[in-house]
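A.B. asks: Pasting a structure here, questions to come.
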Amino acid sequence: MAVSSTPWALVALFLMASSTVMAIPPRKAIDVPFGRNYVPTWAFDHQKQLNGGSELQLILDKYTGTGFQSKGSYLFGHFSMHIKLPAGDTAGVVTAFYLSSTNNEHDEIDFEFLGNRTGQPVILQTNVFTGGKGNREQRIYLWFDPSKAYHTYSVLWNLYQIVFFVDNIPIRVFKNAKDLGVRFPFNQPMKLYSSLWNADDWATRGGLEKTNWANAPFIASYRGFHIDGCQASVEAKYCATQGRMWWDQNEFRDLDAEQYRRLKWVRMKWTIYNYCTDRTRFPVMPAECRRDRDV
């Protein structure tokens, strides 16, 4: 039988070929109820828990968005969430899943899903803030429709690197480059947050496309509320020095050859913006970019 040449078929072939030599992925998250590790933070009446708290819906309408956060703060670990994004015409709508500290010179690790008009792909924007400095945006298209089913978005964070994953495929690496003068998140515990809100002043085509409220309510669905991190709400020094957790071990200090191959695939096929190659904003390439293999 002839093989289809559609983009989706090519993606499937790539993933099947990759599965023959699998890199070591982060551990699979364990599903637990929302209330075990998270609490609502605003617009409680725009959230709905289903199936005994194993599933959560965030609801955005013309009046308000909504959000939640983790109960504890964490310093290093593996942080994941199963998310199904709002469907249809979602221009102007942003769904975010991120870690952030709370002080002025804050650290932050971001997934932001930027909605689009019906038929146009959602954009996934990632960013890393260190010591209050961000401006490290990367944007990709996803190789699937993120509103059709749940997909897993996760961050591996240890003393050596931060890795963003989509369904265990690495889409971005931010290495510890302190020796190059680049700050790295290592001493500020972070909470996990997620929110759904209207950002039509910037999210879609730089704010040219406005939210169509005739399509509201917009609903983002969540599962997988386990947190596999070192809780530092009381004693951050323990998390920074103990080194016995699985994410500290040698196999998680760098990507292996197969993971770098997948990262290159994302960079070559799906990346639409990379701050490392933006010479208008950065005439001199940021120091971390070569180490992160982003050029």
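Counting begins at 1 with the first residue displayed.
The backbone N, Cα and C atoms fix where each Cβ goes, glycine too.
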A.B. asks: Would you identify which residue of E112, E288 Swiss-Prot lists as part of the xyloglucan site it also attributes to Q125, T126, N127, N135, R136, E137, D201, W202, G206, R281?
C.D. replies: E112
A.B. asks: Give me the count of other Cβ atoms within 10 A of the Cβ belonging to N116 (N-linked glycosylation site).
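C.D. replies: Neighbour count, Cβ to Cβ under the 10 Å cut-off: 20.
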A.B. asks: Please compare the binding-site residues T126, N135 by how many other CB atoms fall within 10 Å of each one's CB, and tell me which has the fewest.
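C.D. replies: Selected from the binding-site residues T126, N135 on minimum Cβ neighbours within 10 Å: N135.
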A.B. asks: Limited to the domain 'GH16' (25-222), I'd like the whole-number average of pLDDT.
C.D. replies: 96
A.B. asks: Please report the Cα separation of E137 (xyloglucan binding site) and N116 (N-linked glycosylation site) in Å, rounded to an integer.
C.D. replies: 18
A.B. asks: Taking the residues E112, Q125, T126, N127, N135, R136, E137, D201, W202, G206, R281 listed for xyloglucan, what is the greatest CA to CA distance in Å, to the nearest whole number?
C.D. replies: 21
A.B. asks: In whole Å, how far does the CA atom of W202 (xyloglucan binding site) lie from that of N116 (N-linked glycosylation site)?
C.D. replies: 12
